[in-house]
Amino acid sequence: MELLNPPHPPHQDPNRDFIPELGFRRQVDIPASTQLPGIAEEAGAVSAGDKDKVFVAVGKSVEKAVSLLQWTLRWFGVGKLPASQANAEVVSAYRREERQHLKKLLESYSSVCGKLKVKTSIISVEADQVHKGIVELVNRHLIRNLVFGAIPENCVRMKKSSSKASYAARNAPYYCEIWFVNKGKLVWTREASEEPNSFPPSFSSPSCTNSGSECASSETRLSLDEEENLYSRLREVSMEAEASKNEALAESSKCQKLESQAMEAFSKLKDFESAHIREVKLRKEVDEALRTTMEEQEKLIKVKEEVTRELQKTMRNVALLNSRAQQANHRHDEATGELKFLRASIATLQQEKQRIRQQKMEAVRWLERWRSRGQAGTAACNGFIGLVEDLPELAEFSLADVQSATCNFSESFKIGKGGHGCVYKGEMLGRTVAIKKLYPHNMQGQSEFQQEAQVLSKLQHPHLVTLLGVCPEAWALAYEYLPNGSLQDRLFRKTSVSPLTWKIRARIVAEISSALCFLHSTKPEKIVHGDLKPENILLDSELRCKICDFGISRLVTEDTLYCPSFRRGTEPKGAFPYSDPEFHRIGVLTPKSDIYAFGLIVLQILTGRPPVGLAGEVRKAMSCGKLDSILDTSAGEWPMFVARRLADLGLQCCELYGRDRPDLKPSLVRELGQLHLSDERTVPSFFLCPILQEIMHDPQVAADGFTYEGEALRGWLENGRETSPMTNLTLSHLHLTPNHALRQAIQDWLCKA
């Protein structure tokens with residue numbers, strides 16, 4: 001193995017391996033230049049017997065001398081010595097360094113294979129000569145496929161006998177197939193053979209076809225002079241070849257550089273021509289597209305103008321058709337309303353006829369009973385007013401519940417005060433309620449408590465206040481809470497609230513009449529409120545009214561209305577301006593007493609004035625044709641036919657004698673319900689359910705002739721009621737008939753809306 005070998009220069013002599021295998025490692029006597037006497041003297045001092053030394057003649061040019069020294073070191077292998085002659089520590093250190101270098105080199109090769117997802121394994125061997133080590137690895141590991149780096153094609157013939165590739169091709173086992181590759185190209189393949197030592201004849205040396213011993217014997221016969229001459233000529237040829245090679249490399253480098261520049265310029269020229277052609281083509285396409293776009297834009301402008309004209313024409317036609325359709329729908333709605341009104345009137349007349357017949361029969365039976373039992377009717381009448389304990393369906397609260405809801409009847413929770421008790425606002429049953437606490441020490445308060453609980457627990461109407469429960473310990477009644485106060489507060493604006501419009505006022509009149517009609521139609525006893533006034537008419541969040549304070553109401557039978565023996569025991573009740581004058585004269589409380597108070601309330605709603613002397617003022621204005629002078633202007637501009645109708649109704653109800661006052665019949669209630677809709681056509685009244693006051697989706701006709709929402713009416717009947725929600729008369733049957741015509745009209749109206 002060779003140690004201390006200096007690094008090889010980048011360009012080695014291609015003729016280096018042509019030196020015959022002779023012992024040239026001896027002294028070469030080369031005289032030094034005469035211009036370097038120092039060097040010559042030193043050379044002369046050297047022992048002439050040391051034939052293994054090599055002398056180099058150098059001149060003044062350092063660059064030439066360096067190249068000459070490098071060639072000498074490469075050629076004679078100066079600086080190399082056998083491993084057996086070197087120091088053991090040096091050899092060991094060199095071995096370690098060589099192994100580390102080999103390990104790093106092999107790891108770099110493995111990383112290349114790893115990047116290509118190829119699994120690798122490494123085998124190595126230590127040998128003095130590389131080509132022998134390769135053959136040893138092939139034999140040891142039975143390698144059958146081997147890829148070998150080959151020398152250039154023009155040097156194959158020159159290095160057949162000495163290169164590692166040729167050695168491997170000659171000495172590798174017969175079963176190993178070897179591929180020789182140079183610069184990524186396959187140069188030659190030594191195929192595997194079935195017989196040993198069957199190699200191509202091209203790899204045999206032309207100068208040594210016999211055995212190695214015969215070649216060695218022929219070489220020994222050469223004389224020393226011939227060797228010297230051969231060496232001299234060989235050296236000259238090598239120097240000339242080196243110079244020629246350097247010149248050729250320089251020229252080749254220049255040519256390659258010029259060719260590269262020419263190719264780059266040619267490529268840029270081609271790219272420029274191609275880009276120019278593309279730009280010209282693209283410009284033509286853009287011009288063509290622009291021209292096409294402008295033509296299409298002109299066409300679109302023309303089409304737009306035509307479509308605009310057609311659209312304007314169509315819109316005029318649509319507007320005309322809509323106007324005609326609205327007129328037709330209006331006529332249809334009027335006809336439908338009139339038809340429904342006629343049907344309802346017919347049904348009402350039939351019911352009235354039946355009611356009169358029943359009243360006649362009851363009057364006959366009553367007359368017979370009265371004759372037989374005398375004054376027994378009084379006890380029967382008073383027996384209708386029972387205690388709260390007899391009402392299991394009414395919720396009963398404890399004193400603690402009521403105190404907790406009102407913070408122990410705190411003054412901050414008080415919202416009203418009357419002659420028989422106070423009203424508090426509280427929270428019960430998960431909602432806001434109004435709690436009316438009567439004075440227990442007042443007998444009138446106790447009577448009022450029992451009376452109001454008895455009446456309201458049996459009644460349910462959209463315009464009557466709902467009683468939620470009672471507390472007998474505290475003599476308290478819990479009602480639903482109505483946030484907008486009383487009608488008295490809104491008419492005279494005792495608080496900073498907006499005034500009621502004429503439509504809302506007309507609707508309130510209709511709602512009061514509906515509630516009174518319901519109370520006066522109950523069977524077998526009619527209910528007379530007895531204390532009807534604006535303070536007892538409350539307004540909810542939607543400004544819909546509900547009548548409250550039934551503490552002094554009375555149950556009046558048909559017998560009481562006509563029998564003088566029942567006219568005693570009833571004292572005058574209610575506020576003086578709203579009390580019935582006839583009641584003060586004869587002491588009889590009848591439904592006409594409520595109608596008198598209702599008339600005054602109607603006139604107050606119309607004028608916004610106090611009740612004292614109001615009927616005379618309105619009658620005078622009506623006779624002079626100056627009704628508009630006394631109307632409440634804060635309600636807006638009243639339609640005169642609505643104002644006259646309400647004024648006429650109010651004056652009729654305020655007649656001094658009860659016989660001259662009108663009865664609140666269902667037909668009158670329906671007429672009043674249409675007044676606030678006279679100036680608007682948003683939702684026709686016959687589209688609204690009388691119970692829910694909402695547009696009906698499943699209109700059903702009941703036996704009373706009225707149309708209701710199916711679900712609401714079924715809920716009414718399922719609660720055990722067999723009376724009409726509107727008239728409170730007993731229904732002849734409980735069957736419902738779908739009103740398909742009204743349902744279709746509602747759907748058409750909703751679609752148009």
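One is the number of the first residue shown, and numbering goes on along the chain from there.
From the backbone N, Cα and C atoms, a Cβ is placed for every residue, glycine too.
Annotated ATP binding site per TrEMBL: LYS437, in sequence order. In this structure, LYS437 (ATP binding site) is part of a beta strand by DSSP. Packing around LYS437 (ATP binding site) is summarised by its Cβ count: 21 other Cβ atoms lie within 10 angstroms of its Cβ, all protein chains included.
Taken from TrEMBL, the feature coiled coil covers 224-369.
Positions annotated as compositional bias 'Low complexity' by TrEMBL: 196-213.
The domain 'Protein kinase' annotation in TrEMBL covers 409-677.
Look at TrEMBL and you will find 682-753 tagged as domain 'U-box'. Per-residue pLDDT, averaged along the domain 'U-box' (682-753), amounts to 84 for this model.
Positions annotated as region 'Disordered' by TrEMBL: 196-219.
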